[in-house]
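Participant: Following this message is one structure expressed as C-alpha cells.
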C-alpha cells in the first residue's frame with residue numbers, strides 16, 4: 001500500500017506545505033505550546049492525507065464501466081469533498097487552530113465557501129502531483145517489462161535453436177541434398193527441414209505471429225517428428241478457419257508440441273496422441289495423453305514458463321495448464337492486433 005499509494009510523496013508534499021505556512025508566520029515559534037503543534041499537524045496532515053488517498057484508490061484499480069477521463073474527474077471530486085468533510089469534522093471535535101491566527105471555521109456560508117475553495121485547490125494539487133508520479137512510474141514499469149520481454153524472447157529462441165550455423169551455408173547444403181536425393185520422400189523431408197529452419201530464423205522479426213503461419217510451421221515440424229517416431233506419434237490438428245488470422249507469440253505452438261514430445265514416453269506400445277484444437281472461446285488448446293518418462297527430461301517447465309511470461313507481458317493474459325484424467329493440456333489465448 002505504501003508504494004502503490006505513493007505515500008512517500010505524500011509526506012514530502014505535506015512537509016512542503018506545512019513548512020511553507022510556518023515560514024509565513026511572523027510570531028516566534030517558541031511562544032507556541034507543544035500541543036498546539038500537534039493539533040496543527042493533525043488537522044493539516046489529516047486533511048492532506050484524505051485528499052491524497054482517493055487518487056491511490058482510483059489510479060490503482062480498473063473500472064470497466066468508467067472511462068479514464070471520467071475516473072480522473074471522479075477522483076478529483078471525491079478528493080475535494082473528503083477534504084472538505086474532514087475539515088468540518090476537525091472543526092467540530094478539535095480545539096481551534098491557534099498557530100494560524102487567520103484560521104477560518106464553519107460559522108457561516110462565507111466560511112464554507114472559503115473552505116470549499118481551499119479543498120478544491122488542495123485536491124487539484126494532490127491530483128497533479130500524484131498523476132505526475134504515477135505516470136512516471138508507469139513509464140518506468142513499461143520499460144522494465146519490455147526488457148523482460150526481450151529476455152523471454154531470447155530464451156525462447158535459445159530453446160528452439162540448439163546450434164547457430166551460417167544460414168546461407170545450411171540452405172545451400174539443403175538445396176544440394178534435395179537435388180541429389182534419390183527419392184521423393186527424402187526430397188520432401190529436406191523441404192520440410194528447410195521450412196522449419198527458415199521460420200526459426202525469422203523468429204526475431206516479430207513478437208506476435210498469425211496463427212496460420214504457426215500452423216504451417218508446425219506441420220513442417222511435425223512432419224520431421226513423424227519421420228522420427230513413425231506410428232508412435234499420432235497427431236490431430238483441428239483449427240477453425242476464422243481463427244487463422246488471430247495472433248499468438250512466435251514459436252509458442254512449437255514449444256508446446258516440443259514440450260509434449262520431450263516429457264512423455266513415445267513407443268509403438270505407448271503412442272503419444274497429440275491434438276491441437278480451437279473452440280468458440282477464441283483459445284487454442286494442445287492436448288496429449290499423459291505418460292511421463294521415468295527419468296524426467298532436463299529443463300522441465302522451462303517452455304511453459306517462457307510462454308506464460310510472454311502472454312503476461314504482451315497481452316496481460318494467462319495460459320491454462322491442466323493435468324487430469326490421464327490428459328495433459330495447455331490452453332493459450334488467441335490475440336488480436
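Note: Cβ is positioned from N, Cα and C throughout, glycine not excepted.
According to TrEMBL, the domain 'Signal transduction histidine kinase internal region' annotation covers 156-233. Per TrEMBL, transmembrane segment is recorded for 41-60, 72-94, 114-134.
What's the neighbourhood like for each of these?
Facilitator: Proximity of distant same-chain residues to the transmembrane segment (72-94), defined by a Cβ-Cβ separation under 8 Å and at least 6 residues beyond the stretch ends, is recorded for 39, 42-43, 46-48, 50-55, 57-59, 66, 105-106, 115-116, 118-120, 122-124, 126-127, 131.
Counting residues 6+ beyond its ends, the transmembrane segment (114-134) has Cβ neighbours under 8 Å at 6, 9, 13, 47-48, 51-52, 55-56, 59, 72, 75-76, 79-81, 83-84, 87-88, 104, 106 in the same chain.
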Participant: Over the domain 'Signal transduction histidine kinase internal region' (156-233), work out the mean pLDDT and round it to an integer.
Facilitator: 72
